[in-house]
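TrEMBL lists 24-34 with the feature compositional bias 'Basic and acidic residues'. Per TrEMBL, the feature domain 'Amino acid permease/ SLC12A' maps to 67-531. According to TrEMBL, the feature region 'Disordered' maps to 1-34. According to TrEMBL, the transmembrane segment annotation covers 68-85, 97-124, 145-167, 173-198, 210-230, 298-319, 354-374, 400-417, 429-456, 476-496, 508-525.
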């Protein structure tokens, strides 16, 4: 991955200045090299009078570099990496799981490269949603935006249900309804405060997730070499016995292929993309400097967390483990279904399962918190573009789109469905719904980039002048588009198998509802508003750009309040 840095290159190849006259102190220099800042003082420091760099946008740029880096981790790591990943192991075996996660990471990297180039050029609120409408077609932006909102909003009840399930690992004394209500109230409190409070909450929660996955990787390395109460140096034993691949639904090569395919579907749900980094662009301090570093970190996050994580799971537990199979079949609570906890039980390690369960609870809560943030900002972006009711543009004095947050929390009430249905069944419904929406979302990101790429070329703007120039374009965007588009239709394939008991109306609806709704949204808005697909030379590449440039010229960093905060900014910024 490549970045040209934050080039203040002046007028080159038709692209306006990225902040000519910019000084390190964020002032316009006068003849003596001293200038006055443009903007207004705030309690927490200083902000440009333009706030997020969009005249209709009333959010505040209060997220520091360390917040952005950890939000990227916090949003991508939820219960799926620690618990749901075990379902993939049962379906395909360790080799299929590892290969599927590795291959899917290449698709997500392609999507990330595409988003990074667009977002660093124009770091506005809800960038992906608005780019789809600007670079392709207004109707495409409408459909993509509402799909993304459904995707993020549906993840909120998923993680709330997961939190409830995790808490019941210890005790059933607290009723499920009470736990759900408490979690939703906490999400509301965190997300209606100023954005820096959300940033701080997510920073510490995401740091815990990071430490947990690193700890589990180290744990795997130690115990596989014999560092366990049994003194069992098992290494890669389970790759040989019972084997690296397992058969699913059918015997022979077809069964092994379907096992791999199921692992690929699991990967497409587990591995999140650049959405969470991108959604924070409109509230990030100094975004053209901060965002490239955050996008570059995605590559290392994919490798460390998902590729190594899938390898560890296949090392620790055989695919035919009875405890793991029973945990998923019976919908056992909390980390009981985590391959890591199953491995600890196999190795007679006590105490650690409770620690892992506590950390997984933190991961689930943090992920849900991120989804409330992203869903509310996506709805806010739709309102700014006139694709959602205007009252959703209303912000508090702290820059929080409060009605958007309330709308997302109302959708979170769907988590009460588990009170009248099996928790595991409800989780699977949400998994199917959000997987399809996420894949459509990735396809839309790549399509938007291709429109952006063609517009740059048609309007004579060299990509060398951009704040970030991604590798392998436009081929990476085509690669990501083709892979994610195909997987959109593959995700619910099991309902079509000619086997008894696999056809299920709820499974079909949750797997393909958004596949059917997306074209309806697109065509409906297109006929209603008489929109046209933009020709490359017609695309407006400069809207909001002057405001962003001025924000950068007037930017003065918010100083750290104390030594501890300065250390955190240095370590994680």
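Positions of Cβ are set from backbone N, Cα and C atoms, glycine also.
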Best-contacting stretch, by C-beta pairs under 8 Å, relative to the transmembrane segment (429-456) and drawn from 97-124, 173-198, 298-319, 476-496: 476-496
Cβ contacts the transmembrane segment (298-319)/the transmembrane segment (508-525), at least three under 8 Å, sequence gap 6 or more: no
Proximity verdict for the transmembrane segment (476-496) and the transmembrane segment (97-124), three or more C-beta pairs under 8 Å: yes
Chain residues outside the transmembrane segment (145-167) and at least six past its termini with a C-beta under 8 angstroms from it: 78-79, 83, 126, 128-130, 132-133, 174, 176, 179-180, 183-184, 187, 275, 331, 333-335, 357, 360-361, 364-365, 367-368, 371-372, 374-375, 378-379, 381-382, 385, 387-388, 408-409, 411-415, 417-418, 423, 426-427, 430-431, 433-434, 437-438, 440-441, 444, 514, 517-518, 521
Which of 97-124, 173-198, 508-525 contacts the transmembrane segment (400-417) most, counting Cβ pairs under 8 Å: 173-198
Feature contact check the transmembrane segment (173-198) with the transmembrane segment (354-374), CB under 8 Å, 3 or more pairs: yes
Close approaches to the transmembrane segment (210-230) from elsewhere in its chain (Cβ under 8 angstroms; 6 or more beyond its ends): 70, 73, 77, 81-82, 236, 304-305, 308-309, 312, 315-316, 340, 343, 347-349, 352, 356, 359-360, 362-363
